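Pulled from Swiss-Prot, these are the features on record:
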- HIS127, HIS131, HIS137: Zn(2+) binding site (BINDING)
Amino acid sequence: MTVLEIDLLDETNNLPDEDKQLVENILQFAAGYLKIEEGTELSLTFTTNEGIQEINREYRNKDQATDVISFALEEMGDGETEIDWGDFDLETPRMLGDIIISTEKAEEQAKDYGHTKARELGFLAVHGLLHLLGYDHMEPDEEKVMFGLQKEVLDAYGLER
């Protein structure tokens with residue numbers, strides 16, 4: 001069942017179709033598992049270490065490559081007023097935000113952790129999705145919840161370490 005509308009962009013132009021399909025399948029599975037509303041949208045971009053470093057520098061003031069960055073559209077910024085969209089009669093789909101994954105960093109980490117690139121891409125996609133849904137790992141209690149849910153989803157899908 002297709003729950004998510006995923007706008008996928010491969011900036012690397014060399015990610016195998018089966019890797020893209022795997023990540024889409026995992027995200028669809030996770031969306032169903034987490035009971036995300038059907039028709040919900042997100043964008044997924046695969047980029048290089050250089051590409052993600054540029055984004056990390058520009059938006060997070062960290063001048064280094066990272067594995068995954070998520071930009072949640074429903075996250076409140078400082079000084080923003082919360083809007084209750086339920087007050088409006090809108091037929092627009094829910095847009096969660098953007099997940100950006102460095103395929104180079106995924107490959108490096110897969111080697112470091114001793115598992116497949118597919119497992120690492122799946123992990124990063126679910127990690128990014130959970131951030132879009134408001135989960136975080138800045139505090140130990142938050143980390144326990146988020147990482148526990150990540151493992152639960154990946155294990156249920158069959159993509160274990």
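Glycine residues also receive a Cβ, built from the backbone N, Cα and C atoms like all the rest.
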Residues near HIS127 (Zn(2+) binding site) in space but at least six apart in sequence (CB under 8 A): VAL68, GLN150
For HIS137 (Zn(2+) binding site), the number of other Cβ atoms found within 10 Å of its own Cβ: 16
